[in-house]
């Protein structure tokens with residue numbers, strides 16, 4: 001026995017490998033550095049330093065690995081490896097100071113609490129009722145994809161992998177290795193699919209559904225692994241544990257679930273659940289983990305089953321919103337890091353071990369791919385897609401690492417085997433993104449089409465519009481805007497509707513699986529607020545499609561991180577060859593008239609779309625815009641105004657308004673602003689009414705020529721239309737421009753303007769200095785500001801200026817000549 005006075009603890013060594021650490025009851029928090037004590041000798045300061053180090057290192061690896069799009073689990077495991085005996089832990093001074101043996105218990109306990117609650121969230125997200133809707137295809141792919149890796153793992157277990165002498169080559173070993181190598185991790189796969197932009201594809205949905213089946217099977221294998229590891233062979237005790245587990249599941253189905261449903265019924269719709277109910281559920285997680293640990297399975301199994309009993313709806317959403325960030329950002333990295341801390345890659349010092357390791361990774365990965373390709377071939381999925389699906393289903397995650405830990409704790413695995421399996425988990429998950437990127441290279445950015453702008457779209461052809469919606473708030477105004485665009489037999493409108501939803505966790509991805517596996521779309525079961533919103537948005541557009549003439553609509557749901565959401569929008573616009581994208585402004589008008597932010601992430605998405613869109617883009621500032629068919633009795637039409645300063649964006653805005661002018665319910669006013677110093681009065685011989693029209697002295701500037709050409713064509717075409725008014729306004733500076741705009745703001749329902757980014761003109765001098773939202777342009781920012789006393793909506797238009805747009809008028813030259821008097 002050796003006393004360590006400086007740490008106030010005792011260490012006993014029963015043998016060389018199992019030290020027993022004793023703690024003093026008062027070693028929780030230190031008296032402070034000024035009392036000449038080392039704070040790291042006490043539990044709380046030591047734990048806080050460990051947690052801080054884990055978070056800093058793992059976030060550093062997240063940043064380093066982000067360019068190669070590695071899932072977060074890789075960063076967290078790598079952080080643990082760096083802090084553990086493989087790298088920094090080799091230094092005895094660092095190990096004894098920061099990760100001493102006396103600190104392991106608290107670290108492991110907190111990590112275990114985190115993983116218990118994480119598995120509870122996995123169960124909550126799965127929604128047991130949705131599992132019945134998973135198709136046979138996903139089940140067959142999941143099962144066939146498990147057979148070969150399981151067999152290969154069993155073969156390596158029997159002949160090549162080292163175990164301790166007591167439990168060598170028993171059934172538990174086969175089950176351990178087979179389950180680790182054959183199953184797929186759903187939560188990790190969600191992030192990988194999101195990074196690869198597959199999550200909204202058919203291939204992504206099949207992968208997610210198959211991974212769900214894999215997760216359920218892995219949970220069963222986990223129970224068997226634990227029991228066989230404890231008893232080495234089947235016995236009466238194993239049967240007792242199995243029957244107890246069945247009883248626990250039945251209790252949750254027939255007793256716990258009805259109780260939770262009673263809580264839901266007692267809570268009025270739209271109100272938050274009481275803290276008392278939340279406390280009961282969170283305590284139920286701990287109780288479930290305790291019960292399953294007592295009956296001989298594992299605490300995570302109890303938490304997972306308890307999570308499955310939570311019904312779909314607002315209760316599950318509330319639990320996820322309250323717990324997910326703390327669990328996934330704080331405690332889950334701690335769990336993965338503790339596994340890295342126990343991994344010593346230095347013990348894999350034999351070349352034969354590395355050859356075995358690499359061979360095992362290659363053979364099991366190929367086994368998964370081949371098994372999945374066989375199932376894919378049966379369901380007439382292409383060979384390439386089958387290979388990608390097999391590679392995706394090689395993803396490893398939480399359950400696999402739990403199984404590895406159980407093997408080490410139960411003395412089934414030696415330190416060498418534990419390190420090897422941890423390394424296998426890292427390698428098999430890390431190769432997925434590069435492997436899929438190499439095999440599956442979707443052809444994007446090379447789809448040729450010319451009608452990328454409204455100006456270039458032929459008047460007698462289909463007008464394709466991509467509409468992006470975040471919340472139902474913007475639906476009425478956007479539908480009425482599209483209806484005012486005048487769909488007709490010779491120019492129908494095809495609407496591609498996108499509901500943009502943030503991928504904030506596994507719950508949203510599960511919603512995607514459930515949405516596409518629902519058997520009866522007319523009787524939706526709302527999983528959460530996101531699903532309910534999607535149904536409301538899509539139903540509103542479907543209702544418009546049914547009642548409107550010459551309108552078609554194709555809805556889609558994009559579930560993606562905000563950082564890459566614009567890629568989904570731009571890719572779909574390219575694929576569908578749309579001419580115009582409409583996105584909502586990131587602010588909405590509050591009751592008091594102020595423009596309040598809805599979500600600042602929406603602004604980031606809009607900025608990325610503006611910079612990368614393959615066609616023209618419009619940002620809609622929504623202050624309401626009634627349908628022309630639902631006006632008040634004293635109103636015969638809606639008043640729309642175009643503010644024209646010149647340039648490609650303004651030409652695009654005028655082109656869109658021109659389409660609207662053909663609607664009999666629209667009165668259009670085009671106000672052209674010209675600089676006083678560039679104006680001279682010329683008398684026209686055409687008619688006395690036009691003798692005082694202000695004409696701009698044009699130079700050789702191409703944009704001014706294009707402006708003049710479009711204005712002349714527009715005026716000639718609409719000269720006999722009494723609902724169209726053209727006005728030229730002479731101003732000399734930005735102050736006069738603002739005054740002119742304010743004089744007309746109370747009589748119009750919609751302003752359409754060009755973004756005109758980077759335009760330098762004395763007409764807007766000084767306005768850009770005070771712009772709050774530069775993405776709207778100087779005039780758009782003015783019209784969208786809270787201090788602009790207007791109730792009119794604003795559509796800010798940016799014209800696509802890519803290849804081919806310089807010849808915008810060539811195809812219309814003959815039309816212009818025939819229209820001229």
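Cβ atoms here come from the backbone N, Cα and C positions, even for glycine.
For reference, TrEMBL has these:
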type	residues	note
DOMAIN	57-433	domain 'Cation/H+ exchanger transmembrane'
DOMAIN	493-629	domain 'Cation/H(+) antiporter central'
DOMAIN	639-802	domain 'Cation/H(+) antiporter C-terminal'
TRANSMEM	40-61	transmembrane segment
TRANSMEM	109-126	transmembrane segment
TRANSMEM	138-161	transmembrane segment
TRANSMEM	173-194	transmembrane segment
TRANSMEM	206-229	transmembrane segment
TRANSMEM	235-255	transmembrane segment
TRANSMEM	276-306	transmembrane segment
TRANSMEM	326-342	transmembrane segment
TRANSMEM	354-381	transmembrane segment
TRANSMEM	387-406	transmembrane segment
TRANSMEM	418-440	transmembrane segment
Maximum Cβ pairs under 8 Å to the transmembrane segment (326-342) - stretch from the list 109-126, 235-255, 276-306, 387-406, 418-440
109-126
Same chain only, please: residues at least 6 beyond the ends of the transmembrane segment (40-61) with a C-beta under 8 Å from a C-beta of the stretch. Say none if there are none.
6-8, 23, 27-30, 74-76, 78-80, 82-83, 97-100, 103, 106-107, 110, 330, 333-334, 336-337
Six or more residues out from either end of the transmembrane segment (418-440), which same-chain residues have a Cβ under 8 Å from its Cβ atoms?
68-71, 73-74, 77-78, 161, 177, 180-181, 185, 188, 192, 195-196, 198, 339-340, 342-345, 347-348, 353, 356-357, 360-361, 364-365, 384-385, 387-388, 391-392, 394-397, 400-401, 404, 407-408
Would you call the transmembrane segment (276-306) and the transmembrane segment (109-126) in contact, using three or more Cβ pairs under 8 Å, pairs 6 or more apart in sequence?
yes
Contact set of the transmembrane segment (109-126) with the rest of its chain, CB cutoff 8 A exclusive, min separation 6+ beyond the ends, reads 47, 51, 186-187, 212, 215, 285-286, 289, 299-301, 303-310, 316, 319-320, 323-324, 327-328, 330-332, 334-335, 337-338, 398, 402, 505-507, 510
Same-chain residues at least 6 beyond the ends of the transmembrane segment (138-161) with CB under 8 Å of its CB atoms are 169, 173-174, 176-184, 206, 209-214, 217, 356, 360, 363-364, 367-368, 370-372, 374-376, 378-379, 389-390, 393, 417, 420
What residues elsewhere in the chain lie close to the transmembrane segment (173-194), defined as a C-beta under 8 angstroms and at least 6 residues from its ends?
71-73, 122, 142, 145-147, 149-154, 156-158, 161, 163, 167, 204, 207-208, 210-212, 214-215, 217-218, 221-222, 224-225, 228-229, 360, 364, 368, 392-400, 403-404, 406-407, 412-413, 421, 424-425, 429, 432-433, 503, 506, 509, 559-561, 564
What same-chain residues lie close to the transmembrane segment (387-406): Cβ under 8 Å, and 6 or more beyond its ends?
71, 73, 115, 118-119, 122, 141-142, 145, 176, 179-180, 183-189, 192-193, 198, 203, 206-207, 210-211, 214-215, 218-219, 221-222, 225-226, 229, 298, 300, 332, 335-336, 339, 364-365, 368-373, 376, 381, 412-413, 418, 421-422, 425, 428-429, 431-432, 435-436, 439-440
